[in-house]
Amino acid sequence: MLNLSNISVTFNEDTPDEKKALQDINLSLNSGDFVTVIGSNGAGKSTLMNIVSGSLKPDIGIVEINGKKVSQLPEYKRSNFIGRVFQDPMAGTAPSMTIEENLAMAYARNKKRKLRIGVTKKRREMFREFLETLHLGLENRLNAKVGLLSGGERQALSLLMATFTEPNILLLDEHTAALDPSRAELITNLTGEVVEKFNLTTLMVTHNMQQALDLGNRLIMMDKGQIIFDVSGKEKQELTIEKLLHEFQRIRGKQMDNDRAVLG
Amino acid sequence: MFISIFGAVESGIIYAIMALGVYLSFRVLDFPDLTVDGSFVTGAGVAAISIINGVPPFIATVFALLAGCLAGSITGLLNTKGKINPLLSGILMMIALYSINLRIMGRPNLPLINESTIFTGLKPLFETTGINQALNSLVQLFGVERFPGSWAVLIIMVFVTLIIKVITDYFLKTEVGLALRATGDNERMIRSFSANTDSLKIIGLALSNGLVALSGGLVAQYGGFADVNMGIGMIVIGLASVIIGEAIFGTKTIMRTTLAVIGGAIAYRIVVTLALKVKFLETGDMKLITALLVIVALIAPKLIATSKEQQRRKRKKMALSKKAEEV
Ligand SMILES: Nc1ncnc2c1ncn2[C@@H]1O[C@H](COP(=O)(O)OP(=O)(O)OP(=O)(O)O)[C@@H](O)[C@H]1O
Ligand SMILES: [Mg+2]
């Protein structure tokens, strides 16, 4: 489904600020895989998402989706088949437009936009049904401006907008980080539900280890632009936070030893 | 008095088309487009030179519209493909258009007094069908004693402007229109829903300047001339109309807002006409009056809101102390 081979990204190359954000990343996702991504600040998680979405081009490496090379496709073309929810609840919706207008824009994602009315009666009914699945009462506020919604409501709407057209790939970058614990849990549960319902191939970045363990069938850990740990299936199910931290220290420690060996 | 207000409404409704164009760029696309000062003259110049060369006035007016679209799309290209900031793209296009307009017109001023225009063609129709007389006797009921020469311009322009308004409203509700509005509202978001924001900006600026140039073409035919300097300060007049209209008539829905913009354009003309009746003020003061109007329209709503809020708090305090007394 999604194939990244030998992806490298360096920011500010050949300057004192040089930053190797991704180093020779290889990652392959099967259809229906739900992968959670963890790692410390600056590990390159968001950069990885941007490479998949196309908002960033790799220095070298190839991105393939469904066996098609998409490295050269601009972001707006790739988003035909990639859904995305950002960390900032403001980022995923148009605040001065209504809920139904926002949904209509999301609905047009994989179609050619035409000079026909965006919110028709028929579509409004469909939007209403989708909104009901969020259990937030938004189906009764179709004409409310999205700017009036709370962060949690907006993020739930963003999630719906990103998924209800059933994209091939769903990218979630800390999409619950800006919410209070109870809203975060709500969105986390919704995420699990929609990913299952539409059987979406998903990459989800999170700083919440428990969330990373609870959701998905595969987990990868990133550090300094590399994937340093990758578990799936039964092995992932048996993983606990302690084991994860232990694993991190083990790998990191080994790396430090290596560094020492090189320097020494 | 009636005659001068009548004239203000008449020209206000022609300039309203320009204001709708400014609304599209300034509000919908969130793009402060200064091309307007140039593209307004482009419209006037293209319409004038075409009419002088024997093109039927209606076709000449369509040419004006298309020329404006072209100018707007170049501003859009400068901004999106050339990565020049919005303000600078518009300024560059505006200054370039000054020379281009002179080339189009051949000389700085083109009189149309002896040419037939869209309006001259339709004026006799209003005379022979008795529409003029009917409307004159109608306003006579309200105590008006001096009548305008013809109602033709006003009636035609009310129709044309309203048709443009309705088309604009419809367009902003289409799939393309929604994406256009989102481009001005949250560009990153709409790009993640597979919209090509570069193309949308170019389309939006083309439409915006198309309307501005259409208005210019009509103003030239209405006033009987095109002048290379007639666009100076046009963007501010457009903004004044948008801001005054929004302040007076509100912005609840798109339909309401576009109507407000038209109302604002008319209100602006009326205020300027009345202001110029004050003995102390001269025609040259018009730009100053415009600037002051915009400032008032920007500040007044905020002041009113703050004082309302203060009064509300005061009432609450009073009610609270009253309760305390009773206890
Ligand atoms: N546009 C940019 N220009 C320069 N450096 C950048 C840019 N974007 C990211 N970086 C750097 O690349 C590294 C990886 O950034 P990235 O945003 O991918 O980290 P992350 O894993 O998402 O971190 P966080 O958990 O804080 O979100 C960081 O050191 C960051 O400073
Ligand atoms: Mg990040």
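The backbone N, Cα and C atoms fix where each Cβ goes, and this holds for glycine too.
Those TrEMBL annotations? Automatic predictions, nothing curated.
Taken from TrEMBL as is:
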type	residues	note
TRANSMEM	B:12-29	transmembrane segment
TRANSMEM	B:58-80	transmembrane segment
TRANSMEM	B:87-106	transmembrane segment
TRANSMEM	B:151-172	transmembrane segment
TRANSMEM	B:202-224	transmembrane segment
TRANSMEM	B:230-250	transmembrane segment
TRANSMEM	B:257-276	transmembrane segment
TRANSMEM	B:288-305	transmembrane segment
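Between the transmembrane segment (B:257-276) and the transmembrane segment (B:202-224) there are fewer than 3 Cβ pairs closer than 8 Å, counting only residues 6 or more apart in sequence, so the two stretches are not in contact.
Simply put, out of B:12-29, B:87-106, B:151-172, B:230-250, B:288-305, B:12-29 has the most Cβ pairs sitting under 8 Å from the transmembrane segment (B:202-224). With a cut-off of 8 Å on Cβ pairs spaced 6 or more residues apart, the transmembrane segment (B:87-106) and the transmembrane segment (B:151-172) reach fewer than 3 such pairs and are scored as not touching. Most Cβ pairs under 8 A with the transmembrane segment (B:288-305) among the ranges B:58-80, B:151-172, B:230-250 are made by B:230-250.
If you look at the transmembrane segment (B:151-172), the same-chain residues 6 or more away from its ends with a CB under 8 A from one of its CBs are 6, 9-10, 13-14, 16-17, 20, 24, 28, 118-119, 122-123, 125-126, 131-132, 135, 178, 180-181, 207, 211, 218, 222, 254-255, 258-259, 262.
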